[in-house]
Structure formats: structure tokens, C-alpha cells
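S.K.: Quick paste from TrEMBL:
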- 107-124: transmembrane segment (TRANSMEM)
- 136-156: transmembrane segment (TRANSMEM)
- 176-200: transmembrane segment (TRANSMEM)
- 207-227: transmembrane segment (TRANSMEM)
- 259-281: transmembrane segment (TRANSMEM)
- 293-318: transmembrane segment (TRANSMEM)
- 353-370: transmembrane segment (TRANSMEM)
Amino acid sequence: MQDRVPALSPRPLPRWAAGLLCALLALLAGWALSRSLPGPGLLDFGSFMGSGKAALEGLDPYGLYPPLTFHVVLPGFDVWNPNLNPPVGLLLFGPLSTLEPFHAFRIWWAVSFVTYGILVLLLLRRYRREDPLLPGLWAFALAGFWDTLVLGQIYVPLALAAVGAWLCLDKGRPVAAGLLIGIVIAVKPNFLVWPGLLFLAGHFVPALAAGACALALSLLAGLVFGFETYAQWAQVVANDINRGVFLTNASLPGLLDRMGLHGTGKLASLALLAGLAWWAWRSRPDPMRASTLGLLGALLASPLAWVHYSLFLLPAFLSGRMNPALLLAAALLVIPVPTVLDHFMAAPAWQQATLGSAYGWALLLCLVGFSQQRREPAAHAAGDQQLPARNHMVA
């Protein structure tokens with residue numbers, strides 16, 4: 001991997017400031033842990049359990065099955081949260097639904113927590129070995145991680161697959177990378193932007209492997225649960241039109257909707273995707289740079305990109321030097337979800353579109369920052385050139 005000089009590199013923090021920041025992040029993570037422990041509600045996990053149970057019984061897995069299906073009631077917001085994942089997700093939800101729901105939730109919570117620790121450790125060992133404390137604490141302070149645990153969502157194992165794919169690309173293993181990307185896009189099709197940019201940039205092997213893996217998993221789900229489940233899934237997704245304005249939706253369409261610019265989100269997403277496609281085809285970036293903007297483009301252009309999706313950007317954050325835009329984005333992404341919801345769900349529209357849309361602005365800052373970012377040389381082997389010891393989150 002080529003060593004590169006960063007285009008923009010703020011000065012490292014003094015030790016006292018880095019120590020204070022570490023302490024604040026540790027306190028934030030500790031507070032978030034205390035409120036993320038499994039409680040009396042099943043939330044999104046309940047929707048998955050209801051969906052899996054319905055699939056095993058031959059019912060519509062995308063129907064509403066109270067009391068398992070999550071009913072969200074907040075100021076100015078009253079919607080049902082059914083399972084919106086494609087039928088591939090039923091390969092997981094079906095077996096899980098055979099367990100007692102609250103016991104299964106606790107198991108899934110533990111699996112997600114341990115899995116997150118593994119993916120953060122993998123990234124720190126690869127890119128931040130010299131000084132892992134500050135970036136590691138930041139990763140464990142991310143609002144998206146803790147709210148994933150609160151809701152019982154499935155993002156963490158998928159983020160681990162994305163991290164594995166990223167590391168495989170970085171180590172020149174395109175087939176393995178593509179297979180892992182295929183797992184991600186089979187469950188979250190909005191990430192098709194990632195292999196799409198890889199393909200346009202000339203990295204055909206991982207892109208084609210991803211497509212083959214996703215197709216195989218999708219066919220397997222259809223064979224197991226019936227191909228009619230895809231029509232049922234498409235219908236529930238098409239009817240899901242009321243949640244885009246929710247404050248934890250960090251996508252560009254969600255941000256524009258909160259600004260009152262209804263109907264412009266799709267046009268903005270198409271323009272963004274067209275621009276990224278043109279850039280990938282003309283510039284032919286290396287697979288890591290194509291992956292960075294592919295992952296970010298998938299989030300910005302999606303109709304729904306909850307703050308939990310920020311976990312998929314961890315490789316891009318930790319493998320490159322930080323610049324002012326990324327530092328500000330990193331700060332916004334640790335604002336706890338309860339803080340945003342408690343202060344801005346019932347706030348005037350202009351407050352929801354500004355301070356209440358912190359996560360959406362964070363992704364736009366990422367677009368600026370990642371466009372300027374240069375990657376760190378990896379320090380994972382004895383023969384690699386080692387980076388000078390300093391706080392890389394602010395270097």
C-alpha cells in the first residue's frame with residue numbers, strides 16, 4: 001500500500017487535551033451503556049421476531065403482529081415499525097423467533113456488543129496501532145452503536161462484514177472482499193452503491209463477487225420462504241413514506257424533507273449518485289477510495305439512513321487522517337440519540353432542520369472531509385513503515 005501525504009492535517013492535540021477528551025468520551029460511553037441494557041421492551045427486535053415467526057408459519061413476514069411489532073409513539077410521530085429488511089433477513093429472524101423473545105433479545109444484545117468490539121479492534125490493529133486509545137473511545141461513544149443495542153437492530157454484524165471486506169480490499173483479496181460485500185447488500189440493498197463504484201472504477205472482481213454472493217443469498221431466501229415474500233417486501237417498502245423526516249434519519253432526502261423541500265430528495269440523491277458514478281469512471285480511484293465514497297454515497301442517497309449506519313463509515317474514519325470537516329462530523333456523531341429526540345422532536349421546523357438534524361449534517365461534512373482525506377499507511381506488520389506516535393484522531 002502506498003504511503004501518502006495528507007492534504008489537510010490539523011495539529012495533534014496536547015497531551016492534557018487528549019486526556020480530557022478521552023475522559024469525556026469514556027464517560028459518554030459509560031452513560032450510554034447504562035441506558036442501552038435490555039429493558040422491558042423489544043422495540044425493533046420485536047418486529048424482527050414477529051416477522052420471523054410469521055415466515056415460519058407461512059404468513060406475510062411484512063405484516064403487523066402486535067405486541068411484537070414495534071409501535072413508535074413520540075411527539076408528532078406515530079408509526080408502526082415493521083421489518084423492512086429483504087427476505088434474506090428471514091434466514092436469521094426465522095431461527096431467532098423460535099426462542100423466547102426476551103431471552104433472544106439478551107443474546108442478540110451480547111452478540112452485537114462483542115461483535116462491535118471485534119470490528120473496532122481489527123481496525124485499530126490495522127490502522128491505529130501506535131495510539132489506539134482516543135479513536136477506540138470515540139468508536140465506543142458513537143450514538144449509532146448504542147442506539148443499535150437499544151433497538152436490537154442488526155447493523156453490527158453487517159458492519160463487521162463491511163470491515164472485513166474493507167480489510168480484504170486493503171490486503172489485495174478481492175474475491176473475499178466481494179463475498180463479504182455481497183452479504184451486506186443482500187440484507188441492505190442501499191449499499192449497492194459500494195460495489196457499483198468499485199465496478200465503475202475498474203475493480204471488477206470484488207464487484208462481481210459481491211453481486212454473485214447477494215444473488216445466491218437472495219435465491220436461497222426465496223427457495224426457503226417463497227419468492228412471493230419479495231413482492232410482500234416491495235409493497236411494505238413502497239408504503240413506508242412517513243418515517244423519512246424522523247430526526248435519526250441522516251440521509252440527504254431526510255434532511256431536505258425536514259427543511260420543507262419535499263420532493264427534492266430523490267432528485268438530490270440521483271444527482272449525487274450520478275456525480276459519484278462519473279467520478280469513479282473518469283478518475284479510476286483505488287479500491288479504498290472508491291469504497292470510502294461508495295459507503296458514504298449509499299448513506300446519503302438512501303431514503304432512510306439511520307444514524308446507526310454511521311458504523312459502516314468506521315473504516316474510512318480510522319484508515320485516514322482527520323481534517324476539520326471530519327473532526328466536526330465525528331463530534332456530531334457522538335451526540336446521544338435521546339438528546340436529539342428529547343430536545344427537537346417537538347421543536348419548531350427550523351430547529352429540526354438545523355440542530356435537530358445533527359446526524360444529517362454530519363454525513364454532509366463527511367462528504368467534504370472524505371473528499372480531502374488521505375489514508376494512513378497501515379502499521380500492522382513488522383516490516384511496515386511505522387507512523388510517529390501521536391493522537392491520530394486529531395492528526
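Positions of Cβ are set from backbone N, Cα and C atoms, glycine also.
Thinking about packing and proximity, how do these listed features fit into the structure?
M.R.: Same-chain neighbours of the transmembrane segment (136-156): 22, 25-26, 28-29, 32-33, 35-36, 38, 42-46, 48, 85, 89, 92, 105, 108-109, 112-113, 115-116, 119-120, 123-124, 128, 187, 248, 306-312, 314, 318, 330, 333-337, 340, 359, 393, counting only residues six or more beyond its ends whose CB sits under 8 Å from a CB of the stretch.
Tertiary proximity for the transmembrane segment (176-200) is limited to same-chain residues at least six positions away from its ends with a CB under 8 Å from its CB atoms, namely 85-86, 88-89, 154, 158, 161-162, 164-166, 168-169, 206-214, 216-218, 273, 276-277, 280-281, 287, 290-291, 293-295, 297-299, 301-302, 305, 312.
Using a Cβ-Cβ cut-off under 8 Å and counting only residues 6 or more beyond its ends in the same chain, the transmembrane segment (207-227) has close neighbours at 55, 61, 86-88, 90-91, 94, 174-175, 177-179, 181-183, 185-186, 194-196, 198-199.
Counting residues 6+ beyond its ends, the transmembrane segment (259-281) has Cβ neighbours under 8 Å at 193, 196-197, 200-201, 244, 251-253, 290, 293-294, 297, 300-303, 349, 353 in the same chain.
Here the transmembrane segment (353-370) has long-range neighbours at 143, 247-252, 254-255, 258-260, 292-293, 296, 299-300, 305, 307, 310, 313, 316, 320, 322-326, 328-329, 332-333, 335, 340, 343-345, 347, meaning same-chain residues at least 6 beyond its ends whose C-beta is under 8 angstroms from one of its own.
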S.K.: Which sequence-distant residues neighbour the transmembrane segment (293-318)? Criterion: at least 6 residues beyond either end, Cβ under 8 Å.
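M.R.: Residues 84, 116, 119-120, 123-124, 127-128, 135, 139, 142-145, 147-148, 151, 153, 155-156, 158-159, 162-163, 166-167, 190-198, 240, 243-244, 248-254, 265, 269-270, 272-273, 276, 279-280, 285, 326, 330, 333, 337, 359, 362-364, 366-367, 370-371, 373 contact the transmembrane segment (293-318) from elsewhere in the chain.
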